[in-house]
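A short worksheet on the structure shown next.
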Amino acid sequence: VGKGSGGSVRIIRRNTDGKTFAVKEFRKRAPGENEKEYVKKVTAEFCIGSTLHNFNVIEALDIIQEGQSFYEIMEYAPNDLFNIVMSGKMTPDEISCCWRQLLNGVKYLQSMGIAHRDLKLDNMVLDERGVVKIIDFGCATVIKYPFEDHVHLSKGICGSDPYIAPEQYTQKEYDARKTDLWSCGIIYICMTIRRFPWRLPRPEKDQSYSNFVQPNNNGAEKLFKLLPRYARPIISRILLPDPEKRCLLEDVLDDAWVKSIETCSPEQPARNHPHHLLFEPSKQIMERGNIIVLPAPKKEEDSANNAPAATAVEKKKKTPEHHNRSKK
């Protein structure tokens, strides 16, 4: 069902009850990488994921070694948000619900002392109830241990180019809470306008980002005018290029609009919007009345030909300049 630099994911069904799970087969050991380093990297992802128990975070259940291969068993949520967004069917309230659920998941991660460092549409899935789940902790890092009262700064460029915060390119160390929040802001824009605001947050390499950061240019104003009026104030605070001026997640959650967003939970759907899904859920879930199943997509080449010129679809190309920069 998916493949990336960290490995490939497939689905399996348990014989005893027919329940479906996702299985990630981790990448093979790279040339020049010793076995100790490889095992540490592979098991670190599971060690972080297995400590997390929140309905907005995918559940990591087990890790299995067979010969030289490692497999992680996870909860399966079949609806990837990227394709739902690109359908163009999401309502503003539906977008707000998904985004607020993302924020709730990130809040939980921070409470556990974890930064994700690769937040993007591709790493968000929905279950059959319209509940958003954050996936793929291959870039995650511990920023605070339970016995500590300070946050550790992070190093290195992690993530996918359009979602990366600018300070990852300009600072040796950075607060990964703020880079995660920047990625959340980019995700909201992508869900709303269905394209990236820029390809890379480096003014010397990307004209769109250069226009955004120049104080005498109206690039930022033009971008924010594409968003609903109620979202502009807080998104503009999230996307401040200077991390010292950027707000924190607590500030976002205290915003009047964000506080007013109705979200779906495993127990209860929101009252003001449906959720579009790729796969039809059980009859019991359909009877809740908030699920719309999208029609099967056209052939991949047709979808690509009909996509807007600068949409997130371009991530499929995996060119070196727009590749995931995570060290997995």
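Each residue, glycine too, has its Cβ placed from N, Cα and C.
Automated prediction, rather than curation, is the source of TrEMBL annotations.
Annotated features, as they stand in TrEMBL:
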BINDING   Lys24  ATP binding site
COMPBIAS  315-328  compositional bias 'Basic residues'
DOMAIN    1-258  domain 'Protein kinase'
REGION    296-328  region 'Disordered'
Taking all protein chains shown into account, the Cβ-based neighbour count within 10 Å for Lys24 (ATP binding site) is 26
In the predicted model, what is the mean pLDDT computed over the domain 'Protein kinase' (1-258)?
95
